[in-house]
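Residues or ranges marked as region 'Disordered' in TrEMBL: B:1-24. The feature domain 'CBS' is assigned by TrEMBL to B:222-280. Residues or ranges marked as transmembrane segment by TrEMBL: B:303-323, B:329-356, B:377-399, B:405-430, B:442-465.
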There are 2 protein chains.
Amino acid sequence: MSEPQPARSAPDAPSSDTEESPGLSMELVFAVQDALAEERVTEIEDLVPGLHEADAADLLETLNRDERKLLVEILGSTFDPEILPNLDVSVREEVIEWLGPTGLARAVTELDSDDAVEVFEDLDEEFQHRILSQLPQAHRMILEEGLSYPEDSAGRLMQREFVVIPSAWTVGETIDYMRAAKDLPDDFYDLYIVNPKHHPIGFLPLSRVMRTKRHVRLTEFMETDLKTIPLTMDQEDVAYLFRQYGLVSAPVVDDAGRLLGVITVDDVVHIIDEEAGDDIMKMGGVSEPDLYSAVLDTTKARFTWLVVNLLTAILASLVISLFDATIEQIVALAVLMPIVASMGGNAGTQTLTVAVRSLAMKDLTEANATRFIGKELLIGTINGVLFAVLAGGVTWLWFESLSLGIVIAAAMVINMVVAGLSGTLIPLGLEKVGVDPAIASSVFLTTVTDVIGFFAFLGLAAAFLL
Amino acid sequence: MSEPQPARSAPDAPSSDTEESPGLSMELVFAVQDALAEERVTEIEDLVPGLHEADAADLLETLNRDERKLLVEILGSTFDPEILPNLDVSVREEVIEWLGPTGLARAVTELDSDDAVEVFEDLDEEFQHRILSQLPQAHRMILEEGLSYPEDSAGRLMQREFVVIPSAWTVGETIDYMRAAKDLPDDFYDLYIVNPKHHPIGFLPLSRVMRTKRHVRLTEFMETDLKTIPLTMDQEDVAYLFRQYGLVSAPVVDDAGRLLGVITVDDVVHIIDEEAGDDIMKMGGVSEPDLYSAVLDTTKARFTWLVVNLLTAILASLVISLFDATIEQIVALAVLMPIVASMGGNAGTQTLTVAVRSLAMKDLTEANATRFIGKELLIGTINGVLFAVLAGGVTWLWFESLSLGIVIAAAMVINMVVAGLSGTLIPLGLEKVGVDPAIASSVFLTTVTDVIGFFAFLGLAAAFLL
């Protein structure tokens, strides 16, 4: 820690009453809602424009549609364009509609290129064209270029505003240039040093440049271990690089290795969140865009998944119907059979969750897959035996039949071993054939554990109890 | 974009063959495994020490225990301490054991204070004491102080190395001080300006300092909208602040508002990942430390969850057993009843997933909870009706009984509406009483949908079909 002498005069520190949860306060939301209900315009003009753009975005999302529309109308031309990239897609679409092409064109002109592309990319094509035609040439070109890269690629994420320094410069020349230049980005963390072909050959965190004497050349102390990102790299891989190597910014290069843009960590933080959220949603069988999308869109998005589940449930029923004569004779089987299926499903889901998450984090790879499968198989066997004893014991006591207890115990071991195996092999197999294991694994898994669970239990019962 | 003139001479750009997936390559893992198998020490000394610490950590995690131990032994005193904070906890514990107290004491001395605390906090107390006694006084105090803050708090996360500037200084004085000072951190992004009481009163991104003329005072252009973090703030809230406000670093203050440390975005990126991963794991019923923990630890961790599931499965069986006489007369009920329960469970899980994720992201709040519940209830009703028609139709055709079809249709509507309600009310209720909805929601939910599903279907059948 560095401890320079205390300064002579300075204002007092802000009060640190940060006891409550951070971010937008509920009191403010309710105050704005009240003010909107009675259209107290001046009160709203006091409350909202001072908010950080991220909090303002949260406020808009929390309001209902009518309140939201009224607020956007009241803010009018004072609406801060920085709010737009912070909004969830479905709310953003509404707000953009209310802003209209002129309002949006103004907003896009004010945003950084990466944010402008983000706001722009989800609009329908006709709307895009109308806005493009209203933009100054330079902005139009940047947007069109950004949109030409694949969705979720590094090209879409990168900022075209950044600082490059020729390799011959000294610290002094660099500082003088930065003090004079007018078109630098607001904030940046690293300088990129390029050769005459405009290839990045090194970078320097600003703190190191600042601590170095004026006469030293940048090439003398620059970092050469550059993690360059190709234009087409998927954002998931970009996030991985930032996380793995603790990057604050990274250069994006074209096929020829020329520096085209820079990705900064603040954008990556959002991607990490987004990707993790996507995985949670996919595993829960949800694919809707966000919390704020319309009821019908959401219903439709969930319907498909439920249809798949109906089919697998019917498959399980078909297995049960094979044994209807057995069940007719021993009704206890109908009472107990969900236990076997459900325990297999839950044990399998545990394994599956670890596998899917480890695959997403690149912790589970070819090199340790065999070890992982072996471990899960062992866990499945141990837990299978433990729960066979428990379920068998409960059954014996409940139905006063030792043989029924033995049958459920045997079925339990079988289903939990199968669950451990399927929980590893299904996601690994899907990953191998290029299907996202987060989205498809769990339906395959529960199909297997239901079918095997019912089949093993009822089959053993038919064989040994009749 | 800034475009200074191309420089005169510079090395060529590195080849950009980044086609393959980023990070540690499988070829390298296999090469190291081969070299370890035949103990080709010099080959290992060629391959490993050049790796980035995060890749070296991945390599250690991917190897099995014996290979790992051999590698740590071969690296010996050249083992890079920066690898330690990058390791998952269970592998880290092993490696620390092999390094021994002397090796670890050396490592801790070399690490930044936040990383040293991270490596240190999970060790057992006796081991901690042995290492502390071997450390120089200054390092011991920093570690002891760090460990005195609550687990997962800002105090544990913060770095005690940072740059503070008195409020009277100019840009020139600041740069001169930084060029002369010896004890500054390696990299930093923001300067903090403090008053005589050592309260932070503003900050400046380095890029702005660098672009400003020497004679200007920092207070003239500093940012005063400081997001100060209290020492005891939970890391989840810290991550929220960074994400919400796009922070690169933030000051940590004590109760009196004095600046004690700084948290930087690279640490927060790991927390965001960790928290998202935790939620995925909890929802999957998994609480084990990580992929690399021992089989017995993992089995034990999962056992508890499976016991809870066994109890809820038995509860569902009890409901079925109420209707065993009915099932004896109509075996088709046993065949069909899992469909009703499973569709309710899946629809409820969809709702639940959205609710849990939205709560974690602070998107779902008191202000919009009623709207959310209403929306999910509506979706549950629509999907309930749709799947009632589908399941009823299938049943009618399959068992050639219209009345059986009507019974399953009615049960389906009931269970899917209940699922929509429970999927929202359970996580909201748990959050309200301070229980993490990610961990407990799904077991409550499936209990409700199983019990209601079986009860509605079998009850309606008993009432109308006999």
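Glycine is no exception: its Cβ is also placed from the backbone N, Cα and C atoms.
Automated prediction, rather than curation, is the source of TrEMBL annotations.
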Report task. Answer yes if the transmembrane segment (B:442-465) and the transmembrane segment (B:303-323) have at least three CB pairs under 8 Å among residue pairs 6 or more apart in sequence, and no otherwise. Result -> yes
Report summary line: Confidence over the domain 'CBS' (B:222-280), expressed as mean pLDDT on the 0 to 100 scale, is 90
Query raised in the report: According to DSSP, how is the domain 'CBS' (B:222-280) divided among helix, strand and coil residues?
Result: 27 helix, 15 strand, 17 coil
Report summary line: If one takes Cβ-Cβ under 8 Å and requires six or more residues beyond its ends, the residues near the transmembrane segment (B:303-323) are 285-287, 333, 337, 341, 443, 446-447, 450-451, 454-455, 458-459, 461-462
Report task. Would you mind listing the long-range same-chain contacts of the transmembrane segment (B:405-430), meaning Cβ under 8 Å and 6+ residues beyond its ends? Result -> 336, 339-341, 343-345, 347-352, 354-356, 359, 364, 369, 372-373, 376-377, 379-381, 383-385, 387-389, 391-393, 395-396, 399, 436-437, 440-441, 444-445, 448-449, 452-453, 456-457, 460-461, 464-465
